[in-house]
Amino acid sequence: MSNKDYYGGGQQQYYPPQGPPPGQGGYYPQQPQQAYGQQPYGQPYGQPYQPQPPPQTVYVLPAGALKNVAALPGARSTTLNAARSLPRVRFASTSSTSSGAFESFANSRATLASATLLTVGSVAWYANLYGTLPFIGEVHANSPAEEGLHPAHYPWSHSGWFDSFDHASIRRGYQVYREVCAACHSLDRIAWRNLVGVSHTVDEVKAMAEEVEYEDGPSDQGEMFQRPGKLSDYMPPPYPNEEAARASNQGALPPDLSLIVKARHGGADYIFSLLTGYRDPPAGFEIREGMNYNPYFPGNAISMARVLFDGLVEYDDGTPATTSQMAKDVVTFLHWAAEPEHDERKKAGLKAVILFSTLTAISLYIKRFKWSVVKTRKIQYNPPVSKH
């Protein structure tokens, strides 16, 4: 096929960018050919040129931008009309979406309510028919007598963030434990050496430890023997085994007091209230034989009798040995026995707060003043100057 046949017969004619004159066909050199025998936009050669309108682009601006443009003179009426029409279209689309979402939400709430009513009704029907629920025992609300009277909160001298134990009270509390409590209760986690520097001197602790005989061995002859106590020995228990402890206390097992403050709800407040809470039972309250009334103990009946009375212990420092004073001192001692690291922990925490506060201040200073130049610097690239 020759160029003459290809271009619809005739000589090639080139036209300006606006296209050939009306009624004439020809070659439009400014646009590349897209297909065999066709002009751009799908118009075949040899037919009159039909100019195509340029594509229209619609820009949708937010309302804030329209307000800023509307501030310009000459564009106020146009932008305000666009701003008024845009929210109407937006609200129309939003209303349909929100109505659908509301219907879906209403349906889901209705479904949830129906399922809840069905479940509750099934549980109530089963409980009414069989009395109890499967895998769940009968649940009864605890009365104050069953759970015990809640103890009051006392202002202990070591309860503050920066407060430490009263070591004089610890010494008096150990005396109360040794003369009163040690007859029934053990202190398995406390060794003699733990008292050194806390409540007694080394010589005092050695003398107390040597008063107790410990079984040791075997010897060179293979026999066990008795020896005086040492600082490394733990405080001796009052009974050799659990059976002997129960036999001596009418079947009740006296608990170990090493962690008793942590093991009871209320901690030191509960122990103090229990030791000072013995009183006569109210009218109509029956107490079994061998039990004692105490409103702070669960069930209000405890097998341990009252052990603290005024003047029972004679303190070495001359402090009056009232019931409340002895209870306060022995509770302080038991609290120290449960947390021997109490004072060191608070000191370490205070040091850590000071250290990390200092490091935080230094870090902020370095970031703000030392790195401000580096973080705000501007890097500019200057291309090399051509030598030509």
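Including glycine, each Cβ sits where the backbone N, Cα and C put it.
Here's what TrEMBL has on this protein:
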{"type": "REGION", "residues": "1-56", "note": "region 'Disordered'"}
{"type": "COMPBIAS", "residues": "27-49", "note": "compositional bias 'Low complexity'"}
{"type": "DOMAIN", "residues": "168-320", "note": "domain 'Cytochrome c'"}
{"type": "BINDING", "residues": "C181, C184, H185, M304", "note": "heme c binding site"}
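Locations of recorded TrEMBL features on the structure.
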residue	record	Cβ contacts under 8 Å, 6 or more apart
C181	heme c binding site	L257, V307, V330
C184	heme c binding site	P238, A245, S248, N249, P254, M304
H185	heme c binding site	Y177, P238, P254, P255, D256, L257
In the same chain, outside C181, C184, H185, M304, whose C-beta lies within 8 angstroms of the Cβ mean position for the heme c site?
V180, A182, A183, P254, L257, V307
Measure between the Cα atoms of every pair in C181, C184, H185, M304, the residues the record assigns to heme c, and report the largest value in Å, rounded to a whole number.
11
Could you please provide the mean pLDDT value for the domain 'Cytochrome c' (168-320)?
94
What is the Cβ neighbour count of M304 (heme c binding site) at a 10 Å cut-off, with all protein chains included?
18
How would DSSP class C181 (heme c binding site) in three states?
helix
